[in-house]
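Student: The following feature annotations were taken from TrEMBL:
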- 1-35: signal peptide (SIGNAL)
- 61-379: domain 'Peptidase M14' (DOMAIN)
- 188-233: region 'Disordered' (REGION)
- Glu349: active site, proton donor/acceptor (ACT_SITE)
- 500-790: domain 'Peptidase M14' (DOMAIN)
- Glu760: active site, proton donor/acceptor (ACT_SITE)
- 873-895: region 'Disordered' (REGION)
- 928-1110: domain 'Peptidase M14' (DOMAIN)
- 1037-1066: region 'Disordered' (REGION)
- 1037-1047: compositional bias 'Basic and acidic residues' (COMPBIAS)
Amino acid sequence: MASGWDARPPWRPGRLPLLLCLLLLLLLLWNPARAAHIKKAEATTTTTSAGAEADEGQFNRYYHEEELGSVLREAAAAGPPGLARLFSIGSSVEGRPLWVLRLTAGLGPPPPDGDSGPDAAGPLLPGRPQVKLVGNMHGDETVSRQVLIYLARELAAGYRRGDPRIVRLLNTTDVYVLPSLNPDGFERAREGDCGLSDSGPPGASGRDNSRGRDLNRSFPDQFSTGEPPGLDEVPEVRALMDWIRRNKFVLSGNLHGGSVVASYPFDDSPEHKATGIYSKTSDDEVFKYLAKAYASNHPIMKTGTPHCPGDEDETFKDGITNGAHWYDVEGGMQDYNYVWANCFEITLELSCCKYPPASQLRQEWENNRESLITLIEKVHIGVKGFVKDTVTGSGLENATISVAGINHNITTGRFGDFHRLLVPGTYNITAVSTGYMPLTINNIIVKEGPATKVNFSLRPTVTSVIPDTTEVVVTASTVALPNLAGTQSFHQPIQPKDFHHHHFPDMEIFLRRFANEYPNITRLYSLGKSVESRELYVMEISDNPGVHEPGEPEFKYIGNMHGNEVVGRELLLNLIEYLCKNFGTDPEVTDLVRSTRIHLMPSMNPDGYEKSQEGDSVSVIGRNNSNNFDLNRNFPDQFFQITDPTQPETIAVMSWMKSYPFVLSANLHGGSLVVNYPFDDDEQGLATYSKSPDDAVFQQIALSYSKENSQMFQGRPCKNMYPNEYFPHGITNGASWYNVPGGMQDWNYLQTNCFEVTIELGCVKYPFEKDLPKFWEQNRRSLIQFMKQVHQGVKGFVLDATDGRGILNATISVAEINHPVTTYKTGDYWRLLVPGTYKITASARGYNPVTKNVTVRSEGAIQVNFTLVRSSADSSNESKKGKGDSTNTDDVSDPTTKEFEALIKDLSAENGLEGLMLRSSSNLALYRYHSYKDLSEFLRGLVMNYPHITNLTNLGQSSEYRHIWSLEISNKPNISEPEEPKIRFVAGIHGNAPVGTELLLALAEFLCLNYKKNPAVTQLVDRTRIVIVPSLNPDGRERAQEKDCTSKRGQTNARGKDLDTDFTSKGSITSRTDRYIFSLPPPPYTRVVKYTCAHVLYVYVDLKESFLLT
């Protein structure tokens, strides 16, 4: 971690004059144990060059380029066959190979293509952690280059001679040694140059690469103040980054020279103060542990006082330092490893003199030998294991491993294996993978020494829409107000270069590549799988990916809904490349990404695409999905009953649309050239203009696309195919063109807050590859301008006057436009409107509505916030008091009190819960039974959406290891208040009588939905601790069958026990500390209805099976 030429003055007050430094150098030659050195200077001085001839294998010479490869081959040959593999990860600017020697047992014979190519490194080994050591990043810091060669010899020879420690290490560890990342710089550097002089231009010392770039300032940086050098300038950095991405390194050392200390992340801070800022990672304790492991075994480093010339007074407690606290390094390699990879890297300064005479190399090896081996061994601390699919038993690659309380996740390797470095302690660890239910294992004890083994077995889910698990909480006043409409740019943006048809594997690689290369602005996720199990990928592009930022609208493009209409698929891949490559440099793209959360789905029908044929203009081959259904006739329709079964792709997309607050969308098709807007059909099924309430808005957003596409705007797109077709200004009402029942765009508008249009991109459905650049050129401005329309109209927040919190699902209504929209989780809303003056009303259940007159202009959305007062009688009572009225607010005539008492009576009465849920059924999903998996997801969904009033705990496990869930609903969940009454509901004691389970799930959702909206429910939750155990016998529930109303199948648990008769006494369940405000009426229960049909679920209810109040 040596500083750049301009990062820190090479000569500081107190540095010795040049003559005195040269004298010190002579003294050092007489006393090699204390090498002359200088910390982090960039200057160079030329002394003597290494010219002494010595036999190979000796310590008295440096290995230059012509020898390095052969020396590494000899080191590999020192071990037995199958232990070592030499390969190159790329080349330097001047074409020198970047050699890596891999050392681990069981590699097998080398590949036939030698030391280059994708297979040169050999296959990865399941469960074996990867460690890398990188040296000579600065060409003039040379000790690392040599000691890594000596280390390779030591490991190979030690394994051959049977050294127990080394045999154990290489049998369990995958070690990679890269002696020189900057071989060009090394060839320019001069032996004996300790970096004492400040003469000479940058790069003359050999520090930088051949293009004058400091490799340790050339990596992407989380706190970057500017762009790092282009990777074409630093092919060494490009090669290393590509190598890191292809592997799952766990631990790394970056070996430098110029001081004697172990430095750990972060290397810089947001302030970029030159020195003195401790920039702490989430794994600060782990990094200190690793740094101390190295320093404590180094005879000079462990003293903390290296006494480097010019810095004689510099001290490092325990021989370690936080990087930024020492001095700020922007663009360093160690931070890149931690932030953008799984890898924990520390930087090791090995000697004060950067390029000491070769006569000192033996001593440097002795100083570092034990430290290097100890550091490699530390890859085995913490927790390790596998994440596997419960059904197939196969490992899950790229599953996320998160540790509670540590804000840094890692991901699994190719075989589902993981190694999570942790210091001794007790941890709760969660494994999460797209398409699987997350699993948390609590109280994992990590001890000093070998890692604790922990394996995760994840159950697949039905769909895999990734929910918003993170929310940023802000007030309305903090939301930025971008002015995208007026963005001007004289910058020439970078245009896409990848113009070819992407079949599914190619598309998948493309998406993963951009997600990997631009992790700060991208998130790749899947909505689920197609009929043929292809992932339905979505690429999110945002300056805060994975997070809904309150006040920021969400936008989506969907392509390739018809498999043989492929232009949209390719344009969205082009758009991903365009946005990623221009973010941070092009003002228009940067403003758009920073102010909008963009979701791009290149292919909704990947199965159909694989069946279609290039050059197709009019056929239907590949149009439908693999079940031969047209996905754009598969959505519920306002005018017609859609009888076709809903397809997996349709279900996944509908679930997605319900999960995110999309404001604007376009569905990209082919076969014509026009923007088509709702409605797509009418009541008679005729081709006639079917106007939506927002017809003016739809015309405006449709024109924003067509007017940027000159051919589309002319309105006569396919003269040879459809000579009589004319679309004024390139837009049309859908039903006026032709009738489409079951279309996606109408469903968006009617069932969500999202305004969607359908864009036909060209007359040829599957054009030849050579024409793809033309399509990008015709549509690139249209794609950007259409996205900007998400910032038109009105936006803002609806807030509770009492506590200032946002109100979820408040309604925003515009007078004379019969289409309300609703608020999202933090009360934020967006309402697209054309310029004009409007009367806008915000309302919410339990609140007094507020109406405002708003003038909308064309320059961008105007922000209008609403603050609603709860509609209780308190305010009127206060008013009466002020007029001398002696009204008692506690009087039973208070409607809130009456409503609260009525709710209590409902819950206390026989069949009261059934009646309450019946009356609320319009807002609740009482249409099916929940399996154990569905029940678990439902409960987690409640906690995710209502975290302030819910807490989910696991009471234990059933005989078949299913969780017994307990959901607490309270205004202070998980905080004990002894004086607060507690209600406990328990259901599902008989697995074949799940009606009670369903009622309790409905009750839980009812309470969450109505908290802060219904005064009685709010009082109940604020004054009571409600605990719901919906399924006490999940094993029996899984065996029971729907519509089997008399069978005893599933009544008992997995061991044949009837849980209703298995308690030692009825009173043994009750906690004496619990207080209950009501209980069940006494037996007998006359009705015995067990497993009813789902569609009459809330008609036949056995109250005993509905809940047991302990």
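Sequential numbering from 1, following the chain as shown.
From the backbone N, Cα and C atoms, a Cβ is placed for every residue, glycine too.
Whatever TrEMBL says is automated annotation, not expert-curated.
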Student: Mean pLDDT over the domain 'Peptidase M14' (61-379): what is the value?
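Tutor: So the average pLDDT across the domain 'Peptidase M14' (61-379) works out to 91.
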Student: Taking just the CA atoms, what is the gap between Glu760 (active site, proton donor/acceptor) and Glu349 (active site, proton donor/acceptor) in Å?
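Tutor: With the alpha carbons as reference points, the distance is 60 Å.
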Student: By a simple count of other Cβ atoms within 10 Å, which of Glu349, Glu760, the active-site residues in the record, is least packed?
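Tutor: Lowest Cβ count within 10 Å among the active-site residues (Glu349, Glu760) is Glu760.
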Student: For the compositional bias 'Basic and acidic residues' (1037-1047), what are the DSSP-based totals of helix, strand and coil residues?
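Tutor: Reading the DSSP string over the compositional bias 'Basic and acidic residues' (1037-1047) gives 3 helix, 0 strand, 8 coil.
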